[in-house]
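As recorded in TrEMBL:
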BINDING   Tyr47, Lys49, Tyr66, Asp73, Asp255  alpha-D-glucoside binding site
COMPBIAS  152-172  compositional bias 'Basic and acidic residues'
COMPBIAS  304-316  compositional bias 'Basic and acidic residues'
COMPBIAS  317-342  compositional bias 'Acidic residues'
COMPBIAS  354-372  compositional bias 'Basic and acidic residues'
DISULFID  Cys43-Cys75  disulfide bond
REGION    152-190  region 'Disordered'
REGION    304-372  region 'Disordered'
Amino acid sequence: MVGLQTSEDAKFYALSTRFKPFSNENETLVVQFSVKHEQGIDCGGGYVKLFPATLNQEDMHSESEYYIMFGPDICGFGNNKVQVILHYQGKYHENNKTIKCRINKDTHLYTLIIRPNATYEVKIDNQQVATGELEDDWQFLPPRKIKDPYARKPRKWDERPQIEDPEDKKPEDWEDFEYIPDPEAKKPDDWNEAMDGEWEGPLIPNLKYKGQWKPRIIDNPNYQGEWIHPEIDNPKYKPDPTICHYYNISVLGLDLWQVKSGSIFDNFLHTNDEEFAEEVGNKTWGIRKDIEKQWRELYEEMEKRKQEEEAKKRKEEEEEREDDIWGLEKEENEEDPEEEPGNSDRQVQEDNEERGLLGENEEVRVDQKDEL
């Protein structure tokens, strides 16, 4: 696969290309590219940015002003989403919706469409994953409606769907006490209340205890439902037909951080034709996706078998080492049996005889030397 690949871990990347400035006023804007995280990315960006013509490419960095940031952003388990950040009136606005990105090692095609009627669409692999109106899914403007500040919930408004039955009464023989004084207990004759205090008999379990009594629950005949605060038109809201109209788009760039490198970016495209973008995606990413998936699955299967064989080999080697250790200990035990009680006496006697014989030899040698 050809493309631009990140090659160093824990690094910021800044790469861009300039083209003739254009505007998306009264035209559809389509941004499309493919990215493959073959390294199994755990934290890092995979997005692109569209910059204005005023960008200094030699000094491009994370604080450089941009119009659109779009693409996958992954950092940790579960925190993987498609960023769609749009610039409006000097501020950057994130999409209110959470759009999940793909986190496997295959190549995926990401497409953002912004239309002149202030609607948008996000595609992954030429399949729609999000759509809606720009005003609804970004907080560019104050809300169209607000809660009426003068409206109050009526005091007698009943929001309880169920209530206790007011006609349900506790039976007269209902025992509420779990423990009762022992009726057979008697105060000791020598109990002195002045010294010992008031005497209280011991408690015993109440055999008639039925638990705490509660009235039965019935549907509330006066239930009115949850009170909804009425809304009014927001006087601060003013529609803006120029939302996301950019007048000098001139640079497409990668401005991202990756902890683990290896991502491959390819098939960059910006156009005003949605059908053309889909066709290009099918003729580039589309013709390779099935073959790439088959190769990846084959590679993963081979790696799995390799790991299983290595694990099996390590287990066999460990078992052989254990057998060698136990075998060596057995041989040592066979070569050094414990001495029998009679052997010790015989050994002492043999040692004495050897020392006696040695003494005689020394005496003979001394006599011989004296003679010389």
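Each position is counted from 1, following the chain as shown.
The backbone N, Cα and C atoms fix where each Cβ goes, glycine too.
A map of TrEMBL features onto the structure.
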residue: Cys43; record: disulfide bond; CB count, 10 Å: 14
residue: Tyr47; record: alpha-D-glucoside binding site; CB count, 10 Å: 22
residue: Lys49; record: alpha-D-glucoside binding site; CB count, 10 Å: 25
residue: Tyr66; record: alpha-D-glucoside binding site; CB count, 10 Å: 21
residue: Asp73; record: alpha-D-glucoside binding site; CB count, 10 Å: 18
residue: Cys75; record: disulfide bond; CB count, 10 Å: 15
residue: Asp255; record: alpha-D-glucoside binding site; CB count, 10 Å: 21
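Residues listed for alpha-D-glucoside, Tyr47, Lys49, Tyr66, Asp73, Asp255, cover a largest CA to CA span of 17 Å.
When the binding-site residues Lys49, Tyr66, Asp255 are screened for a C-alpha within 10 angstroms of the C-alpha of Cys43 (disulfide bond), no residue qualifies. The record gives Tyr47, Lys49, Tyr66, Asp73, Asp255 for alpha-D-glucoside. Within 8 Å of the mean position of their Cβ atoms, the other Cβ atoms in that chain belong to Gly45, Val48, Met69, Phe70, Gly71, Gln83, Ile85, Gly253, Leu254, Leu256.
Using a Cβ-Cβ cut-off under 8 Å and counting only residues 6 or more beyond its ends in the same chain, the region 'Disordered' (152-190) has close neighbours at 199-206, 208-210, 212-220, 222-227, 229. You'll find the Cα of Tyr66 (alpha-D-glucoside binding site) roughly 22 Å from the Cα of Cys75 (disulfide bond).
Lys49 (alpha-D-glucoside binding site) sits 19 Å from Cys75 (disulfide bond), taking the Cα positions as reference.
Comparing Cys75 (disulfide bond) with Tyr47 (alpha-D-glucoside binding site), their Cα atoms are 13 Å apart once rounded. For the compositional bias 'Basic and acidic residues' (304-316), DSSP puts the residue distribution at 13 helix, 0 strand, 0 coil.
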